[in-house]
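Listed in Swiss-Prot:
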ACT_SITE  HIS346  active site, proton acceptor
BINDING   11-14, LYS25, GLN78, 83-84, 106-108, GLY141, GLU155, ASN170, ASN227, ARG316, LYS334, TYR349, ASN360  UDP-N-acetyl-alpha-D-glucosamine binding site
BINDING   ASP108, ASN227  Mg(2+) binding site
BINDING   ALA363, ASN369, TYR370, SER388, SER406, ARG423  acetyl-CoA binding site
REGION    1-229  region 'Pyrophosphorylase'
REGION    230-250  region 'Linker'
REGION    251-446  region 'N-acetyltransferase'
Amino acid sequence: MTEKPVALIVLAAGQGSRMQSDLPKVLHRLGGVPLVGHALSTGRTLEPEAVVVVAGHGAEAVAKAVAKLNPEAKIALQEQQLGTGHAVSQALPQLEGFEGRVIVLYGDTPFIGQETLASLAAHPADVVVLGFEASDPGRYGRLVTGPEGLERIVEYKDADEATRAIRLVNSGVLAADAALLREFLPMIGNRNAAGEYYLTDIPELARAAGHRVEVVTCDEAETLGINTRAELAAAEAAFQVRARARALEDGVTMTDPATVWFALDTCIGRDAVIGQNVVFGPGVTVESGAEILPFCHLEGCHVSAGATVGPFARLRPGAELGGDVHVGNFVEIKNSVLDEGAKVGHLTYLGDAHVGEATNIGAGTVTCNYDGVSKHRTEIGAHAFIGSDTMLVAPVRVGARAMTGSGSVITEDVPDDALALGRAKQVVKPGLATRLMQALRQKKGN
């Protein structure tokens with residue numbers, strides 16, 4: 001926590017025309033979540049008193065996504081995109097009564113780090129601009145500093161040669177006291193080529209009024225913004241490199257790190273082992289000592305210590321694997337809990353199910369959980385044995401230590417310790433196969 005209370009404003013109103021997409025730019029996915037989710041996730045580390053997301057293009061879709069990412073975040077609507085200063089002014093009414101530090105972030109700039117945000121929040125200056133030393137300053141606005149801090153921000157088109165030689169440039173991210181923003185935002189003009197109101201005018205206005213204005217710097221990589229599909233692909237590659245490095249540093253073994261793909265919130269314990277070509281979607285936790293074998297896809301699931309998954313397995317949202325559970329190849333599990341020591345070896349679908357401790361699920365077992373309208377649950381007790389190719393037609397319960405015969409279709413509850421058979425009686429016709437084949441060949445010959 002910082003000494004001053006903190007509020008976040010995340011600007012997410014732009015259309016992103018260079019993305020060539022009907023989807024709002026901030027909803028394109030990076031690390032398995034919408035771009036705007038990265039700013040919200042990092043900002044959460046400051047424990048902000050309020051979060052406001054400014055939406056414009058595709059506002060309804062943005063609001064829906066934000067509600068899932070941070071249910072406490074508020075939405076401010078910027079109906080006309082008239083610049084960053086105008087966007088922040090639309091958010092301020094949502095911060096009525098807030099007195100503290102406001103940090104303005106961008107929904108399309110996903111890599112601003114926790115330490116950088118903490119520096120912006122804790123800095124004693126009245127206004128703090130986030131800058132970076134650019135390898136190629138290009139057309140960035142230059143930050144002109146002096147003994148008393150930031151003197152001015154000079155846009156490239158307005159800069160002389162000496163100013164253009166400055167490599168310290170503006171990221172666009174800004175932190176300022178809420179009272180100062182309320183005072184100076186109405187003073188911003190739009191006398192520029194675009195006719196827009198720019199947040200970058202705030203430092204100059206504040207300095208002219210005697211306020212302290214400073215610069216905090218970060219690594220250039222943190223400021224990577226995304227405006228095109230190519231930049232999105234580059235950002236995904238950069239995100240994965242960082243995520244893999246972090247996992248290795250945390251004690252995770254990966255047999256081929258370059259083939260493992262992480263989501264923003266992937267959490268893997270030390271001494272877990274991850275095989276090649278594993279994909280983690282959002283919402284996955286893997287405890288210490290678990291093993292994910294090659295070619296698995298996991299999303300919205302929990303894998304306990306000692307469990308093994310794969311190869312070629314899929315864990316979907318709501319899958320909960322207890323300790324020492326084994327999930328083998330070509331198994332799909334959704335919204336199901338497998339208690340400690342349960343085994344599902346191969347070729348199985350478990351949906352909306354609870355599998356008890358040390359139960360064995362035979363190959364080809366399917367929980368028939370959907371009747372075309374509603375989902376239904378399957379309950380399987382501890383130490384049960386489900387024979388291969390069993391169809392469990394939910395809602396149904398198989399008791400503890402019970403068994404089902406291979407090929408059974410189970411439509412009624414099976415008591416504890418019982419054996420259930422639900423298949424037609426086998427009939428053997430001696431010699432019929434030979435006679436039938438002879439007749440068929442004769443018919444074909446005619």
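Cβ coordinates come from backbone N, Cα and C, glycine included.
In the three-state DSSP scheme, LEU11 (UDP-N-acetyl-alpha-D-glucosamine binding site) falls into the strand class. Separation of the C-alpha atoms of HIS346 (active site, proton acceptor) and ARG423 (acetyl-CoA binding site): 22 Å, rounded to the nearest whole number. If you take the Cα of ALA363 (acetyl-CoA binding site) and the Cα of ARG316 (UDP-N-acetyl-alpha-D-glucosamine binding site), they are about 19 angstrom apart, rounded to a whole number. For the pair ARG316 (UDP-N-acetyl-alpha-D-glucosamine binding site) and TYR370 (acetyl-CoA binding site), the Cα-Cα distance reads 16 Å. With helix defined as DSSP H, G or I and strand as E or B, the region 'Linker' (230-250) counts 20 helix, 0 strand, 1 coil. Residue pair TYR370 (acetyl-CoA binding site) / ASP108 (Mg(2+) binding site) shows a Cα separation of 39 Å.
Checked against LEU11 (UDP-N-acetyl-alpha-D-glucosamine binding site) by C-alpha proximity, the binding-site residues ASP108, ASN227, SER388, SER406, ARG423 yield ASP108 as the nearest. Residues within less than 8 Å, Cβ to Cβ, of GLU155 (UDP-N-acetyl-alpha-D-glucosamine binding site) and separated from it by at least 6 positions along the same chain comprise GLY141, THR200. Note on the binding-site residues LEU11, ALA363: the fewest other CB atoms within 10 A surround the CB of ALA363.
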